[in-house]
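Contents: one structure, followed by commentary.
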Amino acid sequence: MIRVNNVCKKYHTNSGWKTVLKNINFELQKGEKIGILGRNGAGKSTLIRLMSGVEPPTSGTIERSMSISWPLAFSGAFQGSLTGMDNLRFICRLYDVDPDYVTRFTKEFSELGDYLYEPVKKYSSGMKARLAFALSLSVEFDCYLIDEVIAVGDSRFAEKCKYELFEKRKDRSIILVSHSPSAMKSYCDNAVVLENGIMHHFEDMDKAYQYYNETQK
């Protein structure tokens, strides 16, 4: 289970402190799939970073009794001067996973070929996303964090990503952040809406859609 308790997040800006998340509360059970709807700037990606442990909350707590992925396709943690393979080996040490398996999986899944032996700073954004997604799926987690539905490379590769995540790992928990209600309907059991840093809960997904659509007017 993941429990988010009264979480707030503030950032210091040139004009003073900006509150991005305000008293966020929710729980995610094993196998549950929740969507987080919100327009750009609503705090969705910030919440994902907090849940993954990339950043701490300003106040409140996040309790984790199951393993949580880093945000899928997030390449910000890569060391640009290192090769794709060097970054892969670092992930293996960090998560104590078999480097031979991760190497085989990443080579086959990412389809990056010899670019795996080039510095990541030479990669295009799409290549970085392919590497990040392959590494994310090479390590098994109880809960996967997805910041926007798979938009990596061409449609064939995107479909391969969706199959690996939503079919082969359909027993896992998922938190899917998006501004696309259709994506939520395809992959989630229920949804919440983030609006100006405040989380709104609903009895079912249709009511969440309705509220979200009203906020877009």
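Cβ from N, Cα, C; glycine included.
Swiss-Prot lists GLY38, ARG39, ASN40, GLY41, ALA42, GLY43, LYS44, SER45 with the feature ATP binding site, giving sequence analysis as the kind of evidence. Annotated domain 'ABC transporter' per Swiss-Prot: 2-217, in sequence order, evidence recorded as sequence analysis.
Neighbour counts of Cβ atoms within 10 Å were taken for the binding-site residues GLY38, GLY41, GLY43; the minimum is at GLY41. Cβ neighbour count for ALA42 (ATP binding site) (all protein chains, 10 Å cutoff from its Cβ): 23. Its Cβ placed at the centre, LYS44 (ATP binding site) has 23 other Cβ atoms within 10 Å. Sitting within 8 Å of the Cβ centre of GLY38, ARG39, ASN40, GLY41, ALA42, GLY43, LYS44, SER45, and not among those site residues for ATP, are the Cβ atoms of HIS179, LEU194. The binding-site residues under consideration are ASN40, SER45. Their Cβ neighbour counts within 10 Å are lowest for ASN40. Using a 10 Å radius centred on the Cβ of ARG39 (ATP binding site) and all shown protein chains, the other Cβ atoms total 14.
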